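Over in TrEMBL, the protein carries these features:
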COMPBIAS  949-959  compositional bias 'Acidic residues'
DOMAIN    7-345  domain 'IFT121/TULP4 N-terminal'
DOMAIN    350-434  domain 'IFT121 second beta-propeller'
DOMAIN    478-596  domain 'IFT121 second beta-propeller'
DOMAIN    739-807  domain 'IFT121 second beta-propeller'
DOMAIN    856-939  domain 'IFT80/172/WDR35 TPR'
DOMAIN    1208-1282  domain 'IFT121-like TPR repeats'
DOMAIN    1360-1400  domain 'IFT121-like zinc finger'
REGION    942-972  region 'Disordered'
REPEAT    64-95  repeat 'WD'
Amino acid sequence: MSIKGVYVFLHKKVEIPEKIPLHGVSWNYSTGNIAVAGGGGMLKILDMDPDVAAGKGLRSITPLDRHKAPVRLLSWNERLARLATGDDSGLVVIWLNQKGKWVEEMSTSRGKTPVSLLRWSPNCKSILMGYKDGNVLVGSVTGQREWGSDLGTPVVDAAWSPDGKYIVFVTEDKGEVRVFERDQSIKTLDTESIEDTPEAKATSVDWYDGAEGQTSSHGATLAIGYNNGRVHIMNFYQPHAYTTIDSMLEISKIRWNSNGTIIAVGGKKKTRVDNIEETKLTGAKPVYQYSNQIQFFNNIGHHLFSLDVPGAPDETSEPFDFAWEQGCHRIALAVDSCIYLAIVKQKHTWCFFDNTLSYTYTNIEERTNTVCFHNVSTKETSHKAISYPVIISSFNSLCVLVTHVEDEMASVVRDTANLPAVNSEGSSMRSSQVLTEKKHQFGYPSTQDYLGKPPTEKMEPLTPLMNPKKIGLKGRTQVCAVSLYNSIGLTLATKFMSFEPRFIAMNEDYIVLSSDEKVWVWNYNAKARVGEDGEIGADEVMADMAEEEGRVLAVGDNLSIRIDDHATVDFSVDRPRENTTDPSIITVKQHTRYPITAICLAPHAPHLFIARLNENIFRLNLSLQLPKSQSSAIKPVKEARKGVLQIFAKISHKYAISLNGRVKQMVVNCDCTLMMCSDVTGQVCVYELNTTDDEEPAPAEPEEKKEAERDILIFSEHRRGTIGHASDIPFRSLPRFPIDRRGCWDVRFSDDFPDMYAITEKTRLYIYKGRDNEDAIMSNNSYIASFRELEVITADLDDLLQNPSEDSEIGSFINRHTTKALKNTTELIKKQNLHEAFKFIKQHPHKRLCQMIGEAALLKLDLDIAMKAYVLSNDYPGIRLVKKLKMMDNINLQKAEIFVFLNRIDEAEELYAKEDRMDLAINMQMKLGEWEKVIQYAKVPEPSKAKDDDSESDTEELDPLGRNKKTPKKPVLNASSLVPDELLKIAFDETGEKHAARQEWSKAIEYFKQSNNIERLVQCYYITEAYDKLAELLPKIPAKDPLLGEIGTMFATVGMAEHALKAFEKANDVEMAINACVLLNQWDEALRLAEEHDYPEIKTLLSKYGDYLLDCKNTPQAIALYHRAGRHLEAARVLVEMGDVLSKTQVNPSRLKKVYVLAGLEMEMFRGGLFKSNQTKKAKGKSFDVADAVDKLIEEDVSGTDGGLSGVWFGAEAWHFFLLAHRQFYNGEYLPALRTSLRLTNYVGKHLDSEPVFSLIALTSFQCRYMKQCSGALRQLERIVSEKEGVQVEAGAPITPSFDDGGIRKKTDALRKLAVELFTAEEPLDPPSQQQEICTCPTCRKKIPGTALSCPFCQTQFEPCVATGHSLIDQKKVMCQKCRHFAAQSELKKYQNCPLCHTPL
């Protein structure tokens, strides 16, 4: 996570006696001790107070005597509690802390060669030592040498890699950066940061070790500082990912803080103080002034702060040293002979609203980001995981959090939200133009200190020194999500924006986000309606545009916006330099010279204030309205969508202010009459805002400033527009309060007093009323969270975020500070002087003070003072209470009513008990929602008569039931007779609802059991997954109760079919019961229910079950179900598919025949159903050609599908005749078998394999001595077998043995040998025609063989006889009414059933 901002100020100064110059300082991260080294061998250990705000700073000083020469180098070993020190004589000493005392563990010396380098390795097991002669040495913590090397040149600085594998050295003579792996130099780093200044030398290096997690997304943790002020931050393993910073210092040292989020750059600042023109004329040498300074940058290169360090250095003076504290809250500076402690206040991502503290933190181990919402009153805390947080703000009861959208989601968001591509500063751009941008994604590194005047024309604009080609920015767009939350962390709305904001402001209607030059406005809570001025609320627009399809684009005269749930718009603060040909994109190539530095919104007015680097502040009036030309014509709200909706952002005022630097923070009071600004130096100024336009304008601005601000343009994602001409609005001066506060880092106005505000100056908190301040609150190190009702709430965020996930400790970091008026009123009330207190609050009227006086007066029964106080504060409930009290005579009851009003319930309860008015106690508890108390009243046993004892103290401790804990003499609260059963049931229900709302389900269940609330018990059992308990409720619920349906649905959703079925059956909801069975695949139960209750959709149900069975590969049951469901077509299709699969195996022909016969029968049932339905239609008078309809349906509906169902009997015929031929052959009926076998050739291909068919023909023809038929069958067999074995046989070739060298195929050669044997003994001729059966063709009346399948003359096809397989040529035939196949009448006398389909004849 990158730090958004810091403020650093000097807090403590520790002077070293005898003015000994200091050379080094180092802070121990583990113990918090500071080691200080200086001249004359001075070495001291400073024990520091960890409480920054306590003001103590230093607790003790321990001197270490061993060195004689000046000590310049210090290095802590936190893990092993050791300290390494080195001096100019070459002595290196390792110090060890033993039982609180520092002792010398070991030492080494190299003569008189000064030590120039000391660095422990990241694992603290090795130490790197460097000397002025160029030698470096690495030794172990036990004192053994590991390796050494001579670099040939002195080393001024070095850094270990996080894994300890590499060491980066910085040499003194050439300023080179060398990388070593043990004692071997592997490369010299040439950074791109000094390509334009080759004479620059490296002076310091630091490498963040990642001990507290990786906080940089690009992994740039190696930092190299150069004497020309440049700092190169890079990823060592990916050198192309880097950032360059220009600090404009003569850098002496750079160091990361302990978690790698901030890098401190220290050195001398060189400022020219002579007259440049005179020096050029006289030829004199330039005169420079030097000063010490530390600049702070975050890990992506943003400048955070510049701290001027005390001292008066010159060109040759020795540089100062500094060191970070663990936790990054303080930094120690060793300057001359003094130690300075500076406090670093970071800008955390947090806010305080609706008595809730919200903050974000990063879990380093899990690499996750979290936002926490902690209610300081109820102590309830909720944590929500989020993506990378950017910025947060709040107002009243809501807060807005901006987060990054993950890379994989960014493109989806851009497409759905129509967001254009932008660069890091918020300017729109195309992907192809990104590589030409000189801005990079990491922000604004400084080219000047940001503290003085804005850059002049001669200075370079604020442009970072980075080549975007080297960091992979092509096509990258940072999409951010803007989410609105309530105080319990519930997301109420989310919008998306196309650039990353740096500033945020929020009021009751608007959320404004800003980058350096672009502003985004969200009207999230519009309340205006269409009126005379044409204003209209965005929520009304959305309600009336609901009928429109998609999103509505409303284009106005000034700009265009996209309306969805709320109105948003974004605009630029300067005129775009270039407009592309695409009107929807405006590209800003040359960025503004005066970026935005702060924004704020008036709390209760649509006024936006924008501060820029040139110390100009613009005041814009925001409004959501219709143009005046159209608003007058629009009367009803529904007609508003016909108009053009606009968000107007018009400049109303321009202010010119004068501060020491750029505005860092800007706030406006509650009535928009005062504005408070703080700059980067910590100076705070309070201005009176101009409310009219008749003030005298400020003096004329310089030409360059006028030119820059001549026109202010805005543009949305779709169109360009103008919000005003700055040249038309003069600059105005602002009256300024005469307050002088410096070193301020947080400011805030009171929410209810316009002229009250709080300022944190260093470690003090000041509260102002107008121009006067109250006594400072000392020892304050907290951030201002809230200022309202004369109380300032602060939060110790620095300490809280050290362990942010501990919910129990969050409340201890919240502090409350009261104003002087509140303190004085409290003191007067304690002195029992109500009249003086009332006079005081009349002079200082405030609602809280009036309430305090009113409450104190009520407790004293001084009703007149109470009435005056409540009238003064317009407190109607208090006024009504006083009137009620005046009509009461009983003092105890008066006190009880007062205690109820003050929420002191226990005391009111005791008084009601004393007066025996438990009915009033019951009513009180009911109004307060304390139903548990009502239950206790009803359950208390009859008490023994209590004795009235006036001597008993009224302050004795009571238990929750009002009984005395020490003695039972007090009356026991008993109201069992006043709590009827109906009220008790309500009490149980309400108490159960309270626990259910808190998700305390076990307690809620117990109370719902007492009230016998079955409905809520059902819900609680379901939520807690107590399904067995839920099932036990079924017998208690009456039949046909609607609750049974809900219970059945609950059981069905969790897969408990048995209980769901019982619930639905008891509810008499057969349809839901069947649906549940179907959903849970309980088809048997579904069929049982459907049949028992005559379910009208049973056929549909059965067909669904069939589909399920098919998915489960249970085909036979699916076919049976289709048959039962009347879906004969589906059954036939499944049977055909099953037969086609089985046909490929050629196994069990009898089963195959049955399958196809069943398919044919199902098909006939389907045809019969169609015929029957059509006959019904015809009976009703509808003309319908049944035959045509059936043929058409058969042709269109059931044809196709792998051969189609129109030939469903074709497969049955094939296997029927196949079986018949075999039966005839084995019965010795060879001629009939031949006739049947010849018919099988019609079925070869899809249903029958050709090899067994022609084998059967060859056998039967041989037995009948039809040798020609036999020869033809053998030739077909040889061809078929040859094709299967890869041997080609030409048609008509003689059958001769093959003697090829490759060997003969066994089966092919066997067939050839068989043919040779057969036809050498007998010629391949059929019997003479006179020996054959001769028939007459019924068509052409010519004689044909009886074995013919068709007439060779007229091609007439003859029907086969399913009984014999013969062709029915001239015989009498009979058709089966079921399968519609024919058989010879003479043959059917032998059968009782159809030979094919086995239907009774």
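Every residue, even glycine, has its Cβ placed from backbone N, Cα and C.
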(message) Below 8 Å between Cβ atoms, which of the listed ranges 7-345, 856-939, 1208-1282, 1360-1400 makes the most pairs with the domain 'IFT121 second beta-propeller' (739-807)?
(response) 7-345
(message) So if I exclude everything within five residues of the ends of the domain 'IFT121-like zinc finger' (1360-1400), which remaining residues of that chain have a CB under 8 angstroms from its CBs? That is, six or more out.
(response) 1157, 1160-1161, 1164, 1209, 1212-1213, 1216-1217, 1220-1221, 1224, 1232, 1235-1236, 1239, 1335-1338, 1344, 1346-1349
(message) From the DSSP assignment alone, can you count helix, strand and coil residues within the domain 'IFT121 second beta-propeller' (739-807)?
(response) 5 helix, 33 strand, 31 coil
(message) From the DSSP assignment alone, can you count helix, strand and coil residues within the domain 'IFT80/172/WDR35 TPR' (856-939)?
(response) 66 helix, 0 strand, 18 coil
(message) As a quick check of your reading of DSSP, tell me how many residues in the domain 'IFT121-like zinc finger' (1360-1400) are helical, how many are strand and how many are coil.
(response) 4 helix, 10 strand, 27 coil
(message) Summarise the domain 'IFT121-like TPR repeats' (1208-1282) as counts of helix, strand and coil residues per DSSP.
(response) 63 helix, 2 strand, 10 coil
(message) Treating G and I as helix alongside H, and B as strand alongside E, what does DSSP give for the repeat 'WD' (64-95) in helix, strand and coil?
(response) 0 helix, 18 strand, 14 coil
(request) Check the repeat 'WD' (64-95) for me and report the mean pLDDT. (result) 93
